[in-house]
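S.K.: Pulled these features from TrEMBL for this protein:
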TRANSMEM  A:20-46  transmembrane segment
TRANSMEM  A:66-85  transmembrane segment
TRANSMEM  A:92-109  transmembrane segment
TRANSMEM  A:115-136  transmembrane segment
TRANSMEM  A:148-168  transmembrane segment
TRANSMEM  A:188-209  transmembrane segment
TRANSMEM  A:238-256  transmembrane segment
TRANSMEM  A:319-338  transmembrane segment
Amino acid sequence: MTIQSSRTEDAGAPRTRANILLAAIRYVFLRVGVLPFFLVFSLVVFSLISNQFLSIQNLTNVARQSVYLVLVSLGQMLVLITGGFDLSVGTAIAMTSVVSAMAMVALAPVMPDMIWLAILLGAGAGLGAALLIGCLNGLGIAQFDVSPFIMTLGVQSVGAGIALFLTGGVPISGLPYDFGNFFGFGRVLGIPVPVMIALLAIVGIWLLMNRTKLGSHIYAVGGNVRAANLSGVNTKRVLFLAYVLCALLASLAGLLLTARVESGETNLGGTIALESIAACVIGGVSLRGGLGRVENVVLGAFFIVLLQNGMNIAQIGSYMQMVLLGSLLVLAVILDQFRYRMLVGDR
Amino acid sequence: MDNANTPLVEMTRISKEFPGVKALDGVDFRLQRGEVHVLFGENGAGKSTLISILSGLYRPTSGSLRIDGEEVDLRSVHDAARHGIGTVFQEFSLIPTLRVFENVYLGRELKRGPLTDRRAMAEGARALFHDLGFEIDIRRRVSTLSRAEQQMVEIAKVFLGKARVLILDEPTASLTEKETRKLFAFIAKAKADGVGIIYISHRIQEFREIADNISVLRDGRLIGTVSARDTSEKTLVELMTGRAIDQIYPEIGRQPDGRTLMTLRRMHGAGFHGVDIDVRAGEVLGVAGLVGSGKSRIWRSVLGLQPIRSGTVTLKGRDVTHAATRHMLRGGVYYLPPDRKGEGLQLAATARENIKLNLLGRAEIVGRLGIVAPRRARALADKIGERVGIASAHMGRIVSKLSGGNQQKVLFGKGFGEERDIYIFDEPTVGVDMGTRAALYRLIKEIAEAGKAVVVISSDLPEVMNLTHRLLVFSKGRVSAELTGTEIAEENVLKYFFAETGIQP
């Protein structure tokens, strides 16, 4: 009731400058979500703390560091838009890292003249491991109606266990030099290879979501699964594919991370599930499904890395950073609830 | 003050405004002791708003409310209950996992010291049910009760608070004939005890039996209060709609010997038993029956939304029994679900996006690789929007912000996305005003006269009677009558609503 009455007052109030500003804030909030406000706030705060923060060098640095989170967030976005989420993205990264590293280490001595083939096969093995995780998630959630929370939580533990079992907890070293040199530190046309790959992925996912039937179906399944079914959408297939794509995108991030650290490690994706969900929600993806835009998610991921970078410059310890990041996620979700209610109406 | 002549409830010049809508406009309403007063009107006429004010859910924008001659300001349902006003809403407020007496005392638990006194509550509930004449074991869990029994529990809850005014919102909507009898017997008893009863219903045929007076509402205004005994049903409908019946329902031409497009044979499933139906091109097939008669569920099982136990569905010569929903849709069937918010629409998407979703099966919109041509999709969606009468300014708006009528037009528009042969409309005009209804009926006429098969499933009796060429009446999961032409008359249809057996061959 109170909301409704305040709205009528809005309509009747004179168009003062403050009112126009409020209307603009409301419009941006409804269209994009909380991201612009968070972004402006942190830019102001951190640039006041340090004058290095806004330097080109630092921002390029942030861009390069954000590649991994961008990739994972794109995948997370797909499943969030279907109305679920994926807690096993970290495991997908760990499995990719361990399996691809083991394969490369095993294959490289066998085919010393074809080191690129060994790298390719190794990368394929890593992607295959993540594909398995995605299929497992998709099968449980789409076919057996397991809640995404339980399914991906379970798979997360299963995958992490297997990765630790395979390595005994020890990092796998001795990867082919070219792998790290190209995928970790290489440049093509002056652009770092990881950034290049992320850009390609962004364009690909943007096309998927905005220009293909599958993309429209992903939005529809998350918006109202029963209505989607009655519109002829194969809802189970769409759900399944969303989880598979999510795992594959995480896996891609896993490969790039492995190349960067030049070893296969089980702890590469430790906090990425939380960070990627935060990036999406801050980027305006609704946890109720059906809403979310690729470009905003990319900015959301960029924002998270920017925030971490800023906090490092401001010499905030990593423990305190965890506290801040978690709080930010919850705050973003609360604001998302308001936004959804404003969009869909008070019920 | 002469107590006997003071009205129990007196509402004077009540208005209620919501942003952009005047839901009630200067309505007067009186209720005497021992009176059964029917509120009658279309969906959206203001009946619910009026009882919501009386039951403390809303506060009126202006106007006064007196109970027993005393001016009151009801701020909550609790407040209303203190004044002896009890409401049984259509949506029950029972906790299915709790027992009957626990539900009756929910929020008003009897206590002994710090602990609840379960024995006293059970005793109290048993005495209350005995007084009211309800035969329900008060230790049963609510989830095991029938709909009618749940309603009795709901009524008992109200009477635990010593109600003087009882508001019943569509109480018979989902009751069987026998259960309805029980309810009417209870109403007669309560009336004799001096309780004032406000009764909301669409079932005109019930009024003469139980009502004293009928107040007709239309577009938030009180059109008039008439005596139930000497007002004909025709007069009531014309008061309700504000126009003669033949202005609303178009004459739909029937294709003489339309090809049979879909046949259902010996269909069994949850809610229907041994049903045979033929769906023919160029004909509007009506399906009537009470809630729970199986009239809707048979079609949902055809669409693959609920399982078919046995029987066959043939679509244009192909056996499609057990086919998935999307295969039925691809086979040329469109289904308009009765619950547009739950099943029909993408609420957070725009009207245009909702319509576009059904265009994705068209070759000129989606290329071989699944790439969508955005401009073409938009243009086509807008064309469809224009055809079903959605203002172009509304196409870009979030669909949940549109009126019920416009939402229903979007649902109709989704049906025009691809070429279809069979249109199944389940409650096509639920919660839609008369003007929009007339527009939707014209669309149904267009579809049928273009040689498509149309099925209209409806609880709105005038709608199925006036639109359809052939009318199936469902009763207890069977087709109890198939009526055509002049056989489609109200007494005839109602007679078969309660028929115990199917058609005798």
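Heads up, the Cβ atoms here are built off N, Cα and C, so glycines get one too.
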S.K.: Run the contact check on the transmembrane segment (A:148-168) against the transmembrane segment (A:319-338): 3 or more C-beta pairs under 8 Å, excluding pairs closer than 6 in sequence.
M.R.: no
S.K.: What residues in the same chain, six or more past the boundaries of the transmembrane segment (A:66-85), come closer than 8 Å to it by Cβ-Cβ distance?
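M.R.: Same-chain residues near the transmembrane segment (A:66-85) but 6 or more away: 93, 141, 148-149, 152, 194-195, 197-198, 201-202, 205, 209, 218-219, 221-222, 225, 238-239, 242-243, 245-250, 252-253, 256-257, 269, 272-273, 275-277, 279-281, 283, 285-292, 294, 297-298, 300-302, 304-306.
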S.K.: State the residues, same chain only, that lie 6 or more residues beyond the ends of the transmembrane segment (A:115-136) and have a CB under 8 A from a CB inside it; answer 'none' if no residue qualifies.
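M.R.: Tertiary neighbours of the transmembrane segment (A:115-136) are 88, 91-92, 95-104, 107-108, 155, 158-159, 176, 178-179, 240, 243-248, 250-252, 254-255, 258.
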S.K.: Can you see whether the transmembrane segment (A:319-338) and the transmembrane segment (A:20-46) are touching - at least 3 CB pairs under 8 angstroms, only pairs 6 or more apart in sequence?
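M.R.: Contact confirmed: at least 3 Cβ pairs fall under 8 Å.
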S.K.: Short question: which residues 6 or more past the ends of the transmembrane segment (A:20-46) have a Cβ under 8 Å from it?
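M.R.: Residues packing against the transmembrane segment (A:20-46) from afar: 53-54, 282-284, 296, 299-300, 303, 306-307, 310, 313-314, 328, 331-332, 335-336, 339, 342-343.
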